[in-house]
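Below is one structure; the comments refer to it alone.
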Amino acid sequence: MTHINQERLVKHFCQLVRIDSESKNEKQIAETLAEQLGELGFTVHKLPVPEHISNGFNVYARLDGKKDGSILMSCHMDTVTPGIGIEPLIEDGIIRSKGHTILGGDDKSGIAAIMEAVRCIQAENREHKTLELAFTVYEEGGLFGSQYFDMSHVTSTEAIVLDTGGPIGTIVTAAPGQQKIMAKIKGRPAHAGLAPEEGISAIMVAADAINQMKLLRIDEETTANIGMVNGGQATNIVMPELKIVAEARSLNGDKLDAQVNHMISTLESVCKKHGAEVEIESSRAYDAFVIEENHPHVNAIKAAFSELGIDAFTKGTGGGSDANNFNKKGLTTVNLSTGMAKVHTTEEFIAVSDMVKITEFVKHFLVS
């Protein structure tokens, strides 16, 4: 078993989660990591992103190695809310927050693991593969940091994202694409008590359309959901306008297109039937990826886990990550578990033993 400095790993992780970095406000964590990576000998580039994405920047870093091979490893620097004033507590080998915030193991556990693996490699003076890092802003809620990531410095053809949960050894090799749909239904107002028949109720039109849609689980690869419905002014007015925000996801691009077209055409035909108008905006949030079970990149990762006594396994997921965008940009990218648990809640936690295991994996993968 390779030696990991557990105390230093946990200390660095706790330092990182104490830095406020909710989505779009990553400047402080980005500056901190850029400085720390420089101290470890990385060549660091602060990659600008549009101002509406973040007050910070994406971080690209490179540490040349003497061994053959190169790998890009990636984590996101932002957290969901509530992520201000995080106070980590360690009890019985479990790290959690004091309870009023998330912990931030999503995704700072991955960052801490990578950097501790590098520290251990350097302390032992071990030869290693070339390591490239992509630390992204604003992953939560849209994968925007990886979408805008400048790939001009990247030379690797394969990547590992450290940003999922489950047992250590979980390898996500498939994730869906997502399309967002925003529809504004315009009916006609009328006094709800004096002349309701003169109105066109936007919510009744929406209800009719939603009732005719195939939603939730469509098949094993495809889902769809109406997430938000907003409208109305007062109880005595027939609702004149309503906004619907929906999504569809699928591992299959053709199925995703078909589901989106079904939802849009249903909205259009039902609105026409009721004499209402509809304005629809539809945009692809990110594309799906599916990597073959026997791909050499997957086999190499499984082998590294196996040599540490960990039985790795592949799986698909229903959620997106930066792996979606890096695959789209031409890198064969999988997503590995760091052991993060109950993410996006104030009950989030991570076991120290899992952090040590994923750090051991990163170290072993780089030196083997």
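All positions are counted from 1 along the displayed chain.
Note: Cβ is positioned from N, Cα and C throughout, glycine not excepted.
Over the domain 'Peptidase M20 dimerisation' (183-273) the predicted model carries a mean pLDDT of 98. Per TrEMBL, domain 'Peptidase M20 dimerisation' is recorded for 183-273.
In the three-state DSSP scheme, His344 (Zn(2+) binding site) falls into the coil class. If you look up TrEMBL, you'll see His344 marked as Zn(2+) binding site.
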Is it possible to list how many residues within the domain 'Peptidase M20 dimerisation' (183-273) are helical, extended or coil according to DSSP?
35 helix, 32 strand, 24 coil
Determine the Cβ neighbour count for His344 (Zn(2+) binding site): the number of other Cβ atoms within 10 Å of its Cβ.
12
